[in-house]
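Under the heading Mg(2+) binding site, Swiss-Prot lists A:D91, A:D93, A:D95. Taken from Swiss-Prot, the feature Zn(2+) binding site applies to A:C92, A:C108, A:C115, supported by sequence analysis.
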Number of protein chains: 2
Amino acid sequence: MSHVPLDPETARKVTSSLNYRFEIGGEPLVIAIAQDAENGDVLMTAFANEEAVYRTLTTGYAHYWSTSRREVWKKGEESGHVQRVVEVRVDCDKDAVLYVVEQEGGACHTGYRSCFYRRVTRDGSFEVVMDRVFNPDEVYR
Amino acid sequence: MSHVPLDPETARKVTSSLNYRFEIGGEPLVIAIAQDAENGDVLMTAFANEEAVYRTLTTGYAHYWSTSRREVWKKGEESGHVQRVVEVRVDCDKDAVLYVVEQEGGACHTGYRSCFYRRVTRDGSFEVVMDRVFNPDEVYR
């Protein structure tokens, strides 16, 4: 069962109650994490301003704030690898949100399902722990 | 099998390669997420500076950077609810780390196993979706 989307008024009530306490480039933000609804894998993390959380809640698709481009972006807008949000969790002090999502394709622009596709090994190298699910050269042109 | 701790030199090689690109209060940071090794639950999120990641890798216990107190802190230092790190993942652009941990007690100071103990419902309220695992009044005095 999906707990989103919310109607605009209800969504605004939720977004206005969050604590956008991380200011980066002058923008008040919360941390946003996407978790795979299928297997619990952490797919990616980024930031969200109030508008990004609002669009997530009202559309049912994950939106974030880009600290480099300084704009709200919909995940998968370009690649088609959207995230359908089935549940939004908030943390204890309301400065972080967890999007539980159905991930289309892969979350990572490098072609992996998750951006956290490498682990640190004892010798200090980064070991890839999953297979690519798409070819980034074909998806991002 | 645990992939940490690392020896100091190897740990420094790893930490110096990360991209601490989020500057909050003048401190260069990465996003840090703790995930329960047992069931994949996202337990909490915070920030880490290079020293916090270094101490995590060399001690095997999760450390973070407090943006309010402006200091490195070991999770569970006061409460005893430490996080033994079994694996550290890094994301594609190396500005986020995922600590896969064995959580002692609960990660949240409110008494829940995870800080993300509430979900947003269709009517805009926050519904608690798990039970408390400890009484915060007895742990945090």
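Note: Cβ is positioned from N, Cα and C throughout, glycine not excepted.
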Between the binding-site residues A:C92, A:C108, A:C115, where is the Cβ count within 10 Å the lowest?
A:C92
Densest Cβ neighbourhood among A:D91, A:D93, A:D95 (binding-site residues), 10 Å radius
A:D91
How many Å separate the Cα atoms of A:C108 (Zn(2+) binding site) and A:D93 (Mg(2+) binding site)?
28
Alpha-carbon spacing, A:C115 (Zn(2+) binding site) to A:D91 (Mg(2+) binding site), which is rounded to whole Å:
22
